[in-house]
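According to TrEMBL, the protein has these features:
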REGION    1-49  region 'Disordered'
COMPBIAS  17-34  compositional bias 'Low complexity'
COMPBIAS  35-44  compositional bias 'Basic and acidic residues'
DOMAIN    291-365  domain 'U-box'
REPEAT    428-470  repeat 'ARM'
REPEAT    510-552  repeat 'ARM'
Amino acid sequence: MDDEAKSVPTSDMNTDAAAEAEAAAAPLPPSSSETSEREEAKVEEADEEGQVVERLVELVSEIAAISDFRNSYRRQFCNLSRRIRLLVPMLEEAKEAPSPLPVASEAALRRLRDALHAARELLRLGSCGSKIFLVLDREKIMKTFQDVTARLEQALAGISFDELNISDEVREQVELVHTQFKRAKERSDSSDDDLFNELMSLYNSSSSASVDPDILQRLSEKLQLVTIYDLNHESLTLHEMARGGDPGAVVEKMSMLLKRIKDFVQTEDPEMGAQASTANISPKDNSAHPVIPDDFRCPISLDLMNDPVIVATGQTYERGYIEMWLEAGHDTCPKTQQKLANKCLTPNYVLRSLITQWCEANGIEPPKRPAQLRDAPLPCSAAEHSNVLELLQKLSSQNLEDQRGAAGMLRQLAKRSAENRACIGDAGAIPILVSMLSTTDVNTQEHVVTALLNLSIYEENKARIISSGAVPGIVHVLKRGSMEARENSAATLFSLSIVDENKVTIGCSGAIPALVQLLSNGSQRGKKDAATALFNLCIYQGNKGKAVRSGLVPILLELLMETECGMVDEALAILAILSGHPEGKAAIGAASAIPVLVGVIRNGSPRSKENAAAVMVHLCNGEGEQQQQHLAEAQEQGIVSLLEELAESGTGRGKRKAVQLLERMNRFLKQQSQAQAEAEAMAQAHAQAQAQAQPQILVQAQAHADMQAERSLILISSDISDR
């Protein structure tokens, strides 16, 4: 697998009612006010129909679709999103709960729904909001984090797993999420004080004051405003804030701050200035970048205008940016917020002439009317985009060498950067690559499936790959491709299955039996990739039975006994998930797994011990004959002392499982002791009865002997007389 492909986040294989609070008053991200109104109506409609669980599933899906938290709170936003996504299995199982729900459970789910609404708006702010604003308003942002976290924690605390028929494995996962929210509620993540202080200093300084370039450099890097795409997106976001009702003076001052950072970045990298449609600096003047007059800058992009146009309010903008604004559905002037009487754009020839004269006076190449900004994807340059289009032409040709070479180049480009992955996806490469998965050329097939793997790391491409119908083709490669192609097919399925709804699609495609085969007979890396994909897919309840019926359990137990293969942790993690499913529990019990599991608890790693204990808890849970046999076998293997040690020094989850299993084992031993005592009592009573009956038997025997002797004497006397 490619190095870049290995950077796909690996799923952690060890997954761990209060008064209503007002929603956090954080500014809404672009165009969210209208969306919120529609969604509130949707919520009310759902409430009338009693479909609370369905609405919760929709909310989590919406939250999962929010990404790209490239700001100073990235870790907090990512943690919040990840924890919420882990609630999907609970909600899927809650769909099957008896209807109507008990009043308490429905009230708890409504509280969870309201908390998820607040979390979604906060995450939207983190994804689409102004990076500068997020830092400057840090107190409100951190308070919002705390409020949302507290509401989610309180909502989860009020949910009854029993009333919703939640399985043990999913219950453990939700309890872990609840613990994480509780811990996050009790502590406050510190923000970057240096970033805040430097930004405030720049924010409060006059526009003419000189600023240390080192400070601007640090601000650019920490705010992740280092590319023209970042800078332009930030500018658009600030104007959206003004449209949302934020004070114009505040936005104007933030725009000034952004302009300073942008001037610095473009001075440091003149080539980026060219990409941004600003005037190019001639090579001889590379060391001195003249300050662009404010009147020559587009109020949206803050760049020198190449094609200035006038809108109905009399304000002038760069054509490409104002068209993007209008096409997004806005009907106001970005700068004045006045409603536009019409959307006509009039070329500003006078200003264009003045800009040209200024460029010539400063030794800068005069601006040329550019192609529309939206024609090329922003994350990559025009040259890179052109290169991708050229590769796609070769990929679509009938020449096998051209196809193979183009697929290999796209694989390498997708490996290098997120910008390349976005550019390739935007250019329409994915459907073409998907169509080539069935190629008979081994090298081309390897390049194609690995390119899809590398492209899938970019969130938006996941949806494109699924919608292009790629899963059957990937499964085809998984079954019949070379070993490298099979490995990377498995890794691609894992990457795609991170999105919860994709778990269902992949599970229905026949991928699970093929992954089980790779786990059985693949290379070391192939087995690792297959195990990771199977673990992720089996988080969805509907896939567990498919995995068991595909023969997964015996293979996992073989891996447990082959310690040199290094797959013990992975195998046990999957077994821990399957053991919570009725078919999985039966299959593990039938495979004589008890000695192997006890051996792991005795000699395994901390993570292996906790997962082995989790499997044992499921196997021994219940009062049936099978469970009794498992407990008896575990006792014979000496598990009690091992559990006592694990309960004392294991991981947090390992301790919990050990305590549960010890309680179950103690009940079993007590029952055994009682049964043995009853048996001994019965035996003793029988012996006593026999002992009491013994004298009478002796008397009867003596009487019988006397009678026999008397009869013998009579017979002897008679015989004597006769003689």
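From the backbone N, Cα and C atoms, a Cβ is placed for every residue, glycine too.
All TrEMBL annotations are machine predictions without curation.
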Open item on the list: Let's see if you can do this one: DSSP helix, strand and coil counts over the domain 'U-box' (291-365), in that order.
Closed with: 25 helix, 13 strand, 37 coil
Open item on the list: Which residues of the chain, 6 or more past the ends of the repeat 'ARM' (510-552), have a CB below 8 A from one of its CBs?
Closed with: 1, 10-11, 13, 15, 89, 92-93, 167, 170, 471-472, 474-475, 478-479, 483, 486-488, 490-491, 493-494, 497-498, 500, 503-504, 559, 565-567, 570-571, 573-574, 577-578, 580-581, 583-584, 587
Task: Averaged pLDDT score, the domain 'U-box' (291-365) - done: 79
